[in-house]
Amino acid sequence: MGQTVTTPLSLTLEHWGDVQRIASNQSVEVKKRRRVTFCPAEWPTFDVGWPQDGTFNLDIILQVKSKVFSPGPHGHPDQVPYIVTWEAIAYEPPSWVKPFVSPKLSLSPTAPILPSGPSTQPPPRSALYPALTPSIKPRPSKPQVLSDNGGPLIDLLTEDPPPYGEQGPSSPDGDGDREEATYTSEIPAPSPMVSRLRGKRDPPAADSTTSRAFPLRLGGNGQLQYWPFSSSDLYNWKNNNPSFSEDPGKLTALIESVLTTHQPTWDDCQQLLGTLLTGEEKQRVLLEARKAVRGNDGRPTQLPNEVNSAFPLERPDWDYTTPEGRNHLVLYRQLLLAGLQNAGRSPTNLAKVKGITQGPNESPSAFLERLKEAYRRYTPYDPEDHGQETSVSMSFIWQSAPDIGRKLERLEDLKSKTLRDLVREAEKIFNKRETPEEREERFRRETEENEERRRAEDEQREKERDRRRQREMSKLLATVVTGQRQDRQGGERKRPQLDKDQCAYCKEKGHWAKDCPKKPRGPRGPRPQTSLLTLDDQGGQGQEPPPEPRITLKVGGQPVTFLVDTGAQHSVLTQNPGPLSDRSAWVQGATGGKRYRWTTDRKVHLATGKVTHSFLHVPDCPYPLLGRDLLTKLKAQIHFKGSGAQIVGPMGQPLQVLTLNIEDEYRLHEISTEPDVSPGSTWLSDFPQAWAETGGMGLAVRQAPLIIPLKATSTPVSIKQYPMSQEAKLGIKPHIQRLLDQGILVPCQSPWNTPLLPVKKPGTNDYRPVQGLREVNKRVEDIHPTVPNPYNLLSGLPTSHRWYTVLDLKDAFFCLRLHPTSQPLFASEWRDPGMGISGQLTWTRLPQGFKNSPTLFDEALHRGLADFRIQHPDLILLQYVDDLLLAATSELDCQQGTRALLKTLGNLGYRASAKKAQICQKQVKYLGYLLREGQRWLTEARKETVMGQPTPKTPRQLREFLGTAGFCRLWIPRFAEMAAPLYPLTKTGTLFNWGPDQQKAYHEIKQALLTAPALGLPDLTKPFELFVDEKQGYAKGVLTQKLGPWRRPVAYLSKKLDPVAAGWPPCLRMVAAIAVLTKDAGKLTMGQPLVILAPHAVEALVKQPPDRWLSNARMTHYQAMLLDTDRVQFGPVVALNPATLLPLPEEGAPHDCLEILAETHGTEPDLTDQPIPDADHTWYTDGSSFLQEGQRKAGAAVTTETEVIWARALPAGTSAQRAELIALTQALKMAEGKRLNVYTDSRYAFATAHIHGEIYKRRGLLTSEGREIKNKSEILALLKALFLPKRLSIIHCLGHQKGDSAEARGNRLADQAAREAAIKTPPDTSTLLIEDSTPYTPAYFHYTETDLKKLRELGATYNQSKGYWVFQGKPVMPDQFVFELLDSLHRLTHLGYQKMKALLDRGESPYYMLNRDKTLQYVADSCTVCAQVNASKAKIGAGVRVRGHRPGTHWEIDFTEVKPGLYGYKYLLVFVDTFSGWVEAFPTKHETAKIVTKKLLEEIFPRFGMPQVLGTDNGPAFVSQVSQSVAKLLGIDWKLHCAYRPQSSGQVERMNRTIKETLTKLTLATGTRDWVLLLPLALYRARNTPGPHGLTPYEILYGAPPPLVNFHDPEMSKFTNSPSLQAHLQALQAVQREVWKPLAAAYQDQLDQPVIPHPFRVGDTVWVRRHQTKNLEPRWKGPYTVLLTTPTALKVDGISAWIHAAHVKAATTPPIRPSWRVQRSQNPLKIRLTRGAP
């Protein structure tokens, strides 16, 4: 009784005073409350063996210390004082601790050495692998365990295990099992009390501390014995722990404990790894362990000998009986443990963490544990770390159950809530949840209330609507009837006027209506309803009206429901019917008259046919009215019966109009046929599993679930659900419910999410759900599409099979299952409280909208039907995704094949639609075609789809039209030629200009569709014939097959030729047309023989093509395609009918293609390649281009045999082909009007002049790809120069000849002259520029009066014969021409004044430019583009800053960023007194206005008084409303300096640099990285550094240097007495008189000194620098007008802030160069205008 247990924690708390004294000696401070928190709660979580009651074991204390001192976010700096104090107590225990401390030495962190026998001293032991060794001296026994006064039990404080009994001597040859059995049997199991007391009473045995469970054991004779692992231990470890890949941390902890407690050998470690790890995991662990091997320098090494020595992969020869062998083993275990830890680090996968959500019935605490475990497994973050508490808290809120998460998000002050608070709140919410019965009852009650309320609202709304309609209809019909009567009576009929004494009720005189005796008395009864059809002017009572007669008609393609009104003269539409006509009618109603407009003519579908009618558009009418005008056209008959009005047609049949969807509108134009599979049909009863109507939703049971692979770099995408209207949500709700009931949609939780898009079906109010899978499609791997091409799918259908069956599979994609791993990809959000759904839904089947769905389904169905095709080889089965066509030769075969196909589909799990089935018919519709008797037609539906499209207004609408019409192009001859005007408008960036040509082409295509012929199906057993024609670059043809004596068209083909082929002569264009159409026809012929018939004999052209027109590549392509005699043959030349492209009965005029092609000439008819006998000149031209010193140089020359006529260097980079063209062109220009023979060795120049130039010109100077050809300007110049000589012969000669002929000598001289010109003569850029452009002819020069005055001053002469002035031997160019030329040159180059001047000086201009330099400077300065980009060279002089007149009145403030220090300080707020230079700096964690005002009010104001002026930059903390409001309230003038001008805050900016430099030096000198600790020393230096006037800020402020003490001075007594207070005051007064006033005067003198102002004035135009420019963005913006100026800054129009003068530059406003001048005249009312220039 009364006994208590003494623990280390309780012991320290009882002696807390001594603990605080020890902590003070360690320079730390501890508190009892926090020590109680850390010891039992924090330190046990470090997993180092710390007990909750504490321990004095130094090994455990050191391990806890290492955890506390860990760098980075996992450290615990707040626990440092407590663990340091605890360590000091353990190292030097006070008297009250010594009795409870074990005398054993603390474990050393070095590698352990197992002793081979008893030793004199205990060896050092590792904290990780403790090896228990006997102590030299036994512990003294305690005489008393239980104290008489109820003292604590002391035995619990020891760290040693209970002592074992004495071990008997063991025989040397005895085995270990028998020894251990003997040992165990000799020692009975003691009770806890006995073992506790025995340790205090009996001394321990010599080897009592040696473990008996290790594989390496110390025997009784001091020898180590080996005990391997038992199979039961390995089995238990394997089965009771998770795998390494599943939970590496837990398995690593197990192996660590095994290595610590069992001391396994190398073989045991391999056995342990092989049992607990897989082969791949083991290899990864061994690899990481070898990476952790360290060399002699302590760093990881990669030397093989050192790695193999420390961590061998093969069995080492270690001797465990020696200390060296045991040290090797200990190191191996340590490396192995490091490898386990490194290999167990899994990469960060936050998606896995996000996937952890709270279960429906899971408690919040259990969910939190799962969430923390996910953080440990999938991230490197520790969820217990305080720094990660925010992330864990947010995950806990977001991933909780929806009801808990929503309420947690609404908590007040959520940021201050800890994780423990959130769990507590979540538990409250979880415990207050309603039971499923209560929730179901609440849902039922709410549903009933909602339905009841909705029903009442609907009834009330319906009553109000009927009442309003009756009232408005009464007014309208009364107005109509009144108008009709007035029309019949010839005018307006007014009510007769009453006399003064006449009754308005009975019309008798003598009384009024209120006193009329005939008027009924009593309460007024309910007013009877008025019949709409019996209204009259006065109104009257009628019988109960019959049901409203209504009828639905189709107006303009839209169904409209009308109210039949025989009294209405005209039919009325209420809604906007589209365009309205200009006609209008005046409608007089009961409430007044109003004018309404008529609609344009609308097509109305009546029972008697389609008519055109115009309606009266009355938006105020409550219902559309069917008046007598349409009833007459309808020939309707109205019969009134007791049951109501009945409307019938002219033949007595009821009038009914079908209302249907827009996409099914085309079915109205088709011949109606009865469905082949009716509800009572035998096809349904015989094959119930094959039809969707009887078999339900299909499921392909033989197809494995599909796995959708993602791209390697794909990450989950989550797109929130778009807002959805209530109408749309209710519209798709039934579809969602149906898919949920069928299991196609299931609830899920997925990181993927894509929105649901409700799409309204046209013409109805029904919606269908469509999922936007665009982002998912981007992240899924692409597969090659194998869906058949409908263009040639029917080519495999032989004409002999004329019995068809068409099946359309219902919900085909939903028949294929999705693998569970791929289902989360297609998740979408859906909320329906009525169904109890609030979350995500995903597809279990293949969804629609997925890009690979058609291909996957097509392949799956094709594989499933493979056996059917093998078993029925006589049948033809065509498949296009989910559309099947079965063809047979007879009706019986078709029926049998259809039965087999339906049975196969049912067995496979697919379902066909009975409504759309076409079984065993000779005419069916398939893929938009009508198939019958081996032919195919365009269905009327396809034609109506194209015909119903309106005229395109945008490129997108035009592309839609061409796409729809292009599907039918096989039926339209010359389709490419018709659509040629339309295709240019579809290009991006082209202006959509719809003109007459486009309208004509649009109507021609529609007209061609209406007359589309029937095309025969391709018969692959017969040869094909292709008739080809070409016209104006368009290839046209028809593919036919023989049917008896006739040719039946199979397809009409047309295509536009490429630009190269379009420029050829007609015969060659025919070759290109045949090649293009033969390639397209191959898609239908499937490689069958093809006979080509054309009006040209092109076979000879293909066999021997002219090399001057065709390139080798194109020639090879044509020959390989057209000379394949096994497949392509040429028929006789035929003349084709341009309408049908079929041969004419009469033969056309024959011609020889080769002969015509040979007669085709180039540009110049007289041009030849043979020398002219009587030529005036024979010249040789050559161009040269070569590399010299890394630069390509070029030149051109024209020579005779012996002399050089012309040679010129060309710009660098000029190609040899261009140089040849320039040389040849120059020769032709110099031979103008003469006979010339010119030789060139360039095949390119020769072919361009003779052949290719004309070809280029014909095809618009474009390549085959449609791009512009190279050397375009040179080719055009050459073609133009060909007409200059009188007679011309361009002759090709071989280059680099060595003979002595005239041709060889001339060619060598031309080549040599061109090379020398390229090397010696600099390129004449200006001359080339002028030659390439249109030259300025002196005959067009016009000189102004100013030009003439200048010319006379220069001494220029006037050339009378040529009409221009000459100066320095050159024609003088007038000033206006000079301006235009230089302005054009500058716009091309945008060079500056100096560069353009140098360029013009270097060139040899043929003209003298008047006022060139002045004009050049003007052009360069007035260029707006250069002004926005070029840098400014203007320099602004330094200004003078305003300073305070005394300390504390004027401060400059700034934030500067410093690298993060301790406790999160990363900013420094600096205050500088501008008068004295005194600096105050405060470390801060944030850069906010709150901190600025706080430091100003708490630090600056109490010490220095209230500032008068504050100067800062435009930072957010200074311009915020908080800072400015505080300054305004305190009367502080807050001056904001110019942006991006640090000189404006120069004093504080310079101080920022000084403080940072000082802190850098101090950190390097002291070795610490805590700059906050060193900040006072930096401020001390800044405050005691002399300023510009030789005084330090401290001296200016206090009048003397700071007191310094020399502690080595022998006379320290003189520092003990300080001056009196009066002396201090006198000194400060002297400072104020001798220092402050002169200093203030000096500052004032600086302000009074004149400062050179900037040159800008109010009204000037300036460019403003853009300080943050993006890529390819000009550096200047503007120009702006200057509004205000200061000596250093400006305010411009359009920018609110002041701008420093250094950030602007003057904008040169180009003055208008007038072409007219104004002069005064003698008459004051007249002025004189003269042409001129300034």
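Positions of Cβ are set from backbone N, Cα and C atoms, glycine also.
Residues or ranges marked as active site, protease by Swiss-Prot: ASP565. For ASP565 (active site, protease), the Cβ neighbour count at a 10 Å cut-off comes to 24, with all displayed protein chains included.
DSSP assigns ASP1454 (Mg(2+) 3 binding site) to a strand segment in the three-state reduction. If you look up Swiss-Prot, you'll see ASP1454, ASP1513 marked as Mg(2+) 3 binding site, on the strength of sequence analysis.
The domain 'Reverse transcriptase' annotation in Swiss-Prot covers 740-931, and the record cites sequence analysis as its basis. Predicted-model confidence for the domain 'Reverse transcriptase' (740-931) is 87, expressed as mean pLDDT.
What Swiss-Prot records for 344-392 is region 'Interaction with host PIAS4'.
According to Swiss-Prot, the zinc finger annotation covers 501-518 (among others), on the basis of sequence analysis.
According to Swiss-Prot, the zinc finger annotation covers 1386-1426 (among others).
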What's the CA-CA gap between ASP565 (active site, protease) and ASP1513 (Mg(2+) 3 binding site) in angstrom, rounded? 81
Across the region 'Interaction with host PIAS4' (344-392), DSSP labelling yields 27 helix, 0 strand, 22 coil
Distant-in-sequence Cβ neighbours of ASP1454 (Mg(2+) 3 binding site), under 8 Å, six or more positions away: LEU1469, VAL1470, THR1512, ASP1513, GLY1515, SER1545, VAL1548, GLU1549, ASN1552
